[in-house]
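Working notes, beginning with the structure itself.
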Amino acid sequence: MEYRKIKDEDNDGGTVSDDIENLRGKGFSGASVSNVPVREQSKWKRKTVVTLALTFLTSSQAILIVWSKRAGKYEYSVTTANFLVETLKCALSLAALARIWKTEGVTEDNRLRTTLDEVIVYPIPAVLYLVKNLLQYYIFAYVDAPGYQILKNLNIISTGVLYRIILKKKLSEIQWAAFILLCAGCTTAQLNSRSDHVLQTPLQGWIMAIVMALLSGFAGVYTEAIIKKRPSRNINVQNFWLYIFGMAFNAVAILIQDFDAVVDKGFFHGYSVITTLMILNHALSGIAVSMVMKYADNIVKVYSTSVAMLLTAVVSVFLFGFQLTLAFFLGATVVSVSVYLHSAGKLQR
């Protein structure tokens with residue numbers, strides 16, 4: 001089964017750049033929005049909404065995680081929280097499907113019944129993310145938290161490379177330059193007085209960081225590939241199967257890591273209102289990511305989450321007294337230039 005070739009002509013599987021080029025070809029540059037076909041307007045609006053939703057949800061994600069800690073520690077089990085996130089995503093997808101079935105009826109594209117060939121690919125992203133998440137526990141033996149945040153920016157480059165290799169999507173030279181600037185800008189914005197220590201990271205730490213970046217990038221690109229392989233398939237059906245396997249693998253993680261603690265203290269030990277809000281936020285963020293994969297692409301996701309990181313820092317000034325540094329403003333400027341260059345690069349393709 002081949003998932004590496006995603007046809008550019010699929011109406012629902014195209015990228016944002018495809019829409020820009022289509023609009024330009026129809027004289028959009030000198031015309032009013034009313035002259036653009038309704039279908040094009042609808043697709044552009046849908047992509048814009050899901051991208052903005054992902055940016056907002058991601059920016060508030062880190063804040064809720066910080067608030068969920070008590071005395072700097074998690075009193076609840078992280079693995080049980082991850083399991084509940086997958087469960088809630090699955091439930092929300094089913095609820096959306098039930099509404100669709102009620103209004104439109106059950107069709108070939110929105111029914112849950114599937115074939116082995118279709119469903120067998122869904123466990124792969126769940127396995128990749130599980131391995132990546134487990135590696136996070138071990139990488140801190142070689143690098144501190146600030147260094148880890150900087151090394152995480154390798155995900156940006158790995159996503160761009162794998163996007164080109166697996167999906168066969170071309171990026172212009174300007175877009176590649178913008179991607180490198182995005183990585184540099186995000187890294188610069190996170191610099192502090194201890195950041196030089198990241199250069200002293202042992203070889204094992206660098207290897208684990210690179211492997212985690214490749215796993216994250218491959219999981220994201222592969223998910224986009226399987227979601228777009230059948231453009232007419234309802235996104236809620238595809239999400240349901242993705243999240244079912246996510247639940248299964250997170251249940252395995254509970255058994256491996258926190259089984260004794262869950263048995264002794266209870267499944268919901270340490271949970272609070274903030275923890276509940278955090279789980280809801282993660283669930284909605286996950287669904288937003290799937291929709292960005294369906295209606296846009298991984299490149300849009302990377303830019304969205306990068307901008308969200310900057311928004312989180314700004315909000316943290318008011319909530320936690322976070323001090324913005326010169327490095328942050330320089331990094332934010334570089335990210336802004338990257339966003340502009342990426343958009344300009346689309347128009348020149």
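Residue numbering: from 1, along the chain as shown.
Note that Cβ sites are derived from N, Cα and C of the backbone, with glycine treated the same way.
Any TrEMBL annotation is an automated prediction that lacks curation.
The transmembrane segment annotation in TrEMBL covers 49-68 (among others). Within the same chain, residues 74, 76, 272, 274-275, 277-278, 281-282, 284-285, 288-289, 291-292, 295-296, 300-301, 304-305, 307-309, 311-312, 315-316, 319-320 sit at least 6 positions outside the transmembrane segment (49-68) and bring their C-beta atoms closer than 8 Å to a C-beta of that stretch.
Sequence annotations record features per position, and here TrEMBL assigns transmembrane segment to 80-98 (among others).
The transmembrane segment annotation in TrEMBL covers 119-140 (among others). Here the transmembrane segment (119-140) has long-range neighbours at 1, 3, 82, 148, 151, 205, 208-209, 211-212, 215-216, 218-219, 222-223, 226, 241-242, 244-246, 248-250, 252-253, meaning same-chain residues at least 6 beyond its ends whose C-beta is under 8 angstroms from one of its own.
According to TrEMBL, the feature transmembrane segment maps to 146-167 (among others).
Residues or ranges marked as transmembrane segment in TrEMBL: 174-191 (among others).
For 203-227 (among others), the entry in TrEMBL reads transmembrane segment.
Tertiary proximity for the transmembrane segment (239-256) is limited to same-chain residues at least six positions away from its ends with a CB under 8 Å from its CB atoms, namely 77, 79-80, 82-83, 86-87, 89-90, 93-94, 97, 112, 114, 119, 122-123, 125-127, 129-130, 133-134, 223, 262, 286-287, 290. Sequence annotations record features per position, and here TrEMBL assigns transmembrane segment to 239-256 (among others).
Residues 50, 53-54, 57-58, 60-61, 64-65, 67-68, 70, 74-77, 80-81, 84-86, 88-89, 92-93, 223, 227, 235, 238-239, 242-243, 261-262, 301 of the same chain lie 6 or more positions beyond the ends of the transmembrane segment (268-290) yet place their CB under 8 Å from a CB of it. Positions annotated as transmembrane segment by TrEMBL: 268-290 (among others).
Using the rule of three or more Cβ pairs under 8 Å, pairs at least 6 apart in sequence, the transmembrane segment (203-227) is in contact with the transmembrane segment (146-167).
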